[in-house]
Amino acid sequence: MLSEAQKEHEMVSEESGGGGEGGRGCGRSCLSKCCLRQGAKLLLYCFSKIDEDLCLPVPKVQPRVSFLDRLLEEWDDRKVRGLFHHDIAACETKVLPGKHNFIIVLIEGRDLKKRPTEFRIDEVLQPFDGDKFNFTKIGQEELIFRFEESSNGKAGYFQSAPIMSSSSPNIIAINVSPIAHGHVLLIPRILDFLPQRIDCQSFLLAMYMVKAARNPYFRMGYNSLGAFATINHLHFQGYYLEVKFPVEKAPTQIIATVGSGVNVAELLEYPVRGLVFEGGKNMLDLSDTVSSACIFLQESNRPFNVLFSECGKRIFLLLQVARARSGFWCDGRTS
């Protein structure tokens, strides 16, 4: 976390612009140590952990510019700059008839333009390989902002906040091959070079991000290796879509109550096997329960997807069969 002295003079007003200043480093303004720790100053959003209880009402005092509004504003700016492989708004979208009303999106050439899978698809846990593509190699122009815990309990933005030489920032960046408006990546502790592997700390960070959006149409997701992930560098997906997903409408049946009152339900009448988690005393209870289940699956070499729904109040854990890539994601969308 940044100190109060570092943050005070950097607070972003509602009129402030975004973006960042590339570091000197290698000259490519990338997200590796050479540039991030050599003078890079990037837009920072600090989230609050004070209202982490999922049952608490939204506080009356909010940042002048909401997290989601600013995220979408910055995403639209990258679209204007031409940083995406395609215009998702121009892609044909249909809702299929039938029981589940799956959503299909025609994105011509997306599979050809995506970076190739560079790892085995039959092993959920694999070591990080710095010689292969990872998110430190993308340019700073793809970055939306940093996402860090507030040190004073207040959420807000800070313009061009410096990165300490010993820190490994959490990064929110655009997905250059989007499947929906506002499609972004959350990359926890980017300079720690974590492989695509769930840990409790990173899972909780994703929970804070989906809750910071304060909008049920913004969801987060996670794909393990062997379940549509194509890059072995820890990341979560997030995007905005004003429609209820088929999996969110599927009937469920509670099969257990664990921890501090977290209910575990089984998905019924849905083509993918899965569990739904909700309840508990607070966000930490729910996060720890689901992340523990994910850790069990990955250590058992079982590929899976996670969908963070309803601002983090409901978490879907879907079991998959190992595969490198497909147009089908965990929410019932196809591309």
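Cβ coordinates are placed from backbone N, Cα and C, and glycine is handled just like the others.
What TrEMBL lists as region 'Disordered' is 1-24. The compositional bias 'Basic and acidic residues' feature in TrEMBL is assigned to 1-12. The feature domain 'GDPGP1-like N-terminal' is assigned by TrEMBL to 68-239. The feature domain 'GDPGP1-like C-terminal' is assigned by TrEMBL to 246-324.
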As a test of reading the model: what is the averaged pLDDT for the domain 'GDPGP1-like N-terminal' (68-239)?
91
With DSSP as the yardstick, break the domain 'GDPGP1-like C-terminal' (246-324) down into helix, strand and coil residue counts.
24 helix, 32 strand, 23 coil
